[in-house]
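Positions annotated as transmembrane segment by TrEMBL: 19-37, 89-111, 117-137, 186-206, 212-233, 314-335, 355-372, 379-396, 408-433, 445-467, 479-499. Residues annotated as domain 'Major facilitator superfamily (MFS) profile' in TrEMBL: 27-502.
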């Protein structure tokens with residue numbers, strides 16, 4: 001008999017549950033990648049919406065002094081962004097999307113706790129694809145009404161709020177034990193991967209037909225919505241029906257067990273199969289095929305908004321994320337335009353160069369997770385990275401004028417330091433707080449806590465690009481001063497938690513099996 005290849009032995013070493021867990025990890029990664037992929041085009045297209053056509057004007061007037069001018073300074077810009085206040089108009093579009101996103105996020109987490117995640121997420125992705133495509137159709141059908149673009153941005157901002165609470169709750173159901181910072185740090189790189197892909201896709205068409213820069217990402221997120229509907233497994237318990245078909249009840253040993261899962265004290269039985277005991281919610285089929293489920297009166301309801309705010313640390317981390325996300329989203333929406341103006345590059349090249357910020361963000365998010373796992377100090381890890389980020393931003397504003405090489409290096413460093421705390425707070429910290437010991441085992445708070453933290457951060461994400469649009473008219477240095485001030489404010493808001501972590505003599509470091517996310521029934 002030939003020996004089994006080592007690769008096959010490796011694959012066979014994983015059981016069914018581990019394969020499902022890996023599949024869910026990869027699928028949710030791709031799903032949220034498509035969300036960020038569809039948000040990125042607006043930052044790439046900005047430099048195409050307003051272009052300086054003075055060179056064309058000179059060519060047209062040099063040929064003949066008697067003929068009327070064929071071109072004005074901005075006649076190759078897209079109306080209504082051809083006026084001198086174009087930066088304010090572009091900032092207003094960013095603000096429309098992000099303000100709607102921030103408001104909708106508070107509601108999204110509460111709604112998401114009460115609806116099937118798969119259907120809720122599918123609806124959001126399909127609608128987001130529709131509105132993203134509508135923005136691009138404005139180029140195809142020559143729509144120059146600012147109200148149209150504002151409406152599309154607001155609608156898209158609202159439906160995109162379905163994404164983050166849903167995927168975090170789903171991934172929390174599957175990965176509840178140990179090394180949460182590392183796992184979620186790697187998983188959270190979907191944000192930067194989506195930004196990179198969005199930049200490359202939008203940049204490919206930005207100069208020839210910027211409408212396709214929106215339509216293609218819109219079609220991608222809509223297609224991923226279909227994939228979500230077909231394949232997303234919200235919770236390990238959702239596989240019960242598949243298990244029952246493959247392993248008929250007659251082959252199982254049934255023992256009485258009255259217990260609840262995720263705080264739902266219903267009638268359950270314990271199935272013993274192959275020497276292992278697995279708990280499934282049991283359907284008792286009577287002769288008339290009725291399902292009998294016995295509930296107790298102590299079944300907990302989804303946590304309220306105020307109840308989530310009372311969880312220790314939620315307010316501090318939420319306000320910290322407000323300023324951290326302000327910095328991150330200002331880069332997301334304005335970095336390509338800044339590179340275009342500062343380095344005098346075309347829109348396509350600037351878009352490609354801006355992806356280095358997201359490459360640094362991937363590394364920064366993973367490092368933040370690893371360090372916080374090792375030290376057991378989430379707030380301290382965030383604080384140190386915020387402290388280093390502020391002077392780095394100032395350095396970037398100076399070095400970006402000295403050529404391409406220094407700019408590339410500073411983009412990578414800035415991306416890591418800016419996105420590291422942002423990634424850690426929105427993933428591992430949110431999961432920690434959503435399963436805090438004060439909840440007494442009620443894990444139905446995870447989506448709501450995630451939405452509160454990210455919703456508060458989204459307020460900063462709305463304010464940052466708007467301020468950048470106003471301040472950039474006075475010079476880009478003003479924008480960087482604003483970003484540095486935001487970083488310091490984020491740091492100040494964490495000082496109480498940092499002091500508590502550093503002075504506590506009984507800090508328990510996260511270890512395998514020390515933290516769990518309870519299973520959630522649907």
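Including glycine, each Cβ sits where the backbone N, Cα and C put it.
Against the transmembrane segment (186-206), stretch 408-433 shows more Cβ pairs under 8 Å than any other of 314-335, 379-396, 408-433.
Contact between the transmembrane segment (19-37) and the transmembrane segment (212-233) holds: at least three of their C-beta pairs are under 8 Å, each pair 6 or more apart in sequence.
By number of Cβ pairs under 8 Å, the transmembrane segment (89-111) is matched best by 445-467 from the list 117-137, 314-335, 408-433, 445-467.
Same-chain residues lying 6+ beyond the ends of the transmembrane segment (408-433) with a Cβ under 8 Å from its Cβ atoms: 164, 168, 172, 180-181, 184-185, 187-189, 191-192, 311, 313-314, 317, 320-321, 324-325, 327-328, 331, 353-354, 356-365, 367-369, 372, 378, 381-382, 385-386, 388-389, 392-393, 395-396, 399-400, 446, 449-450, 453-454, 457, 490, 515, 517. When the stretches 117-137, 314-335, 355-372, 379-396 are ranked by Cβ pairs under 8 Å to the transmembrane segment (445-467), first place goes to 314-335. Counting Cβ pairs under 8 Å to the transmembrane segment (314-335), the stretch among 117-137, 355-372, 379-396 with the most such contacts is 379-396.
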